[in-house]
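Database features, via Swiss-Prot:
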- 16-36: transmembrane segment (TRANSMEM)
- 41-61: transmembrane segment (TRANSMEM)
- 62-82: transmembrane segment (TRANSMEM)
- 133-153: transmembrane segment (TRANSMEM)
- 173-193: transmembrane segment (TRANSMEM)
- 202-222: transmembrane segment (TRANSMEM)
- 235-461: domain 'CN hydrolase' (DOMAIN)
- Glu276: active site, proton acceptor (ACT_SITE)
- Lys325: active site (ACT_SITE)
- Cys373: active site, nucleophile (ACT_SITE)
- 468-488: transmembrane segment (TRANSMEM)
Amino acid sequence: MLALSRSKYFAFLTGTVGGLLAGVGLSQGGVVFIWISTACLWASMAFPSAVFLWGLFAILLSYRWLLYLHPLTWIGVPIAFSLPIAILIWFSCGLLGGLLVALWSLIGQIPFFQRRLNSSTKDQLLYVIALSLIWGLVEVGLAKSPFFWFGLGDSLLPYDRWLAGLARWFGSGGLAALQLILGWWVWKIIFAFKKGSPWLGLFALGVCSLLLAHCIGWILLADNEFTSSKRIALWQTNIPTRQKFTLRELKRLPISLQDALEEADNLGADWMVAPEGTLSAGQNLLAPSPLPLLSGGFRRVKNKQMSSLLVFNEGSTSYSSAIDKHRLVPLGEWLPSLPGVNWNGLSFVGGVDPGDASRFFDWDGGPLAVAICYELSDGNNLAKAIFDGAEWILAIANLDPYPISLQRQFLALAQLRSIESARNLISVANTGPTSMILSSGKIKSIIEPFNEGVGVIDINVSQKISGYVRWGEIPLISSLLIVLCFIARLKGKA
């Protein structure tokens, strides 16, 4: 009983430390943090409550930018309630993360899996691969939920592009599974070393596998094909969200937009892009646009308000076509409808309705895939747009009032989307990041964060179809079914 109690408390400590390391890895980047943290996760698997702590602290640390929601007085929340509401939202996300990871550990404790955990290393590996694939597929599913999801699959970037290159075959879900398998490898080496068991063979096998995986990833990243080039101007508005609807900013914005269009035209751009939410519903340009404009903004369709990417043709003052945001931010843009209750959400513009799920947008400038803000985390949906013919990816966002840590996570997501789809990606955001991400995952910063300005880039477009775009999660699902069949066969022999 005493030994069990000590094991439990050690698991709690290991889960807490692992979660903190995961939080650092997810928010700052760094594969070493993630591998050690996932090693701690495997070490705590016998105790779901310890695994809960891992998920809790991982989310609390990596999502601490949520606290920058405070103050909420600009949308009418009394100052006395502002910080408690921000803390409640932040802590609720942490609880959700902890519960999800604890549920995953409970799956590993069902008899079908549990017998493999206490058997040979080969059988344990089947158990680990199965649970890792389940985790990876769940991450893909969570990326389709209303919540902004930044998981293990995204944590390789920006520091290990070569290993992340494998996403061109099996996407972010496959990378998440790989991270967990590598964490188990680290844990097995530490466990063997502690017990005085042979570990050099396992260490050498893992290192050789890592080298091979990096070589394959490097080859995949080098395989790019481009058909033509576009010259695009990017306008980073740098308007604080809390000041956007002041009389001063409402007067200044139309003039600043016209000045930016003139500057873009003088720089020889084919068209200009402005961030999410730049234009209010019904707002027109002060003068005919000297070049085509793609601008984030709001529009009303059949008494519904949509957050959209609006297209203004050259010589026009009003938009001619649009694609609407599908994935809305809970509380910020959307709240569940209740009888007799009209929710506006935590937004000055009020509630927003979702558009079509497809991110494919075909306009006069050529087909592209559009991600508005958090839609960038759904690689599966963007891959469908690429398969439908999109030649590049445009991500527009407004990440104010959040700090630079969220911008780093957003850029990591942008890198992964570029790698998965073999497409160049442009990110244009209110306060940043405003960058171009090459299909190899390399980042070219165009405008420094928290500065206003217009920058011009040349983007190469492509019609190449990557393995992930073609097959999606089919390889992961097939691999999981095969591993489960092997486990069932071993169970039958036992």
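Heads up, the Cβ atoms here are built off N, Cα and C, so glycines get one too.
Feature map: Swiss-Prot annotations on the structure.
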residue	record	DSSP class
Glu276	active site, proton acceptor	strand
Lys325	active site	coil
Cys373	active site, nucleophile	helix
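Among the listed stretches 133-153, 173-193, 202-222, the one sharing the most Cβ pairs under 8 Å with the transmembrane segment (41-61) is 173-193. Taking only the Cα positions, the spacing between the residue listed as 'active site, proton acceptor' and Cys373 (active site, nucleophile) is 7 angstrom.
Here the residue listed as 'active site' is positioned 9 angstrom away from the residue listed as 'active site, nucleophile', judged by their C-alpha atoms.
Non-local neighbourhood of Lys325 (active site): Met306, Ser307, Ser308, Val352, Pro354, Gly355, Ile372, Cys373, Glu375, each in the same chain, at least six residues away, with C-beta under 8 Å from its C-beta. Only sequence-distant pairs (6 or more apart) were considered; of these, at least three Cβ pairs between the transmembrane segment (468-488) and the transmembrane segment (133-153) are under 8 A, so the stretches are in contact.
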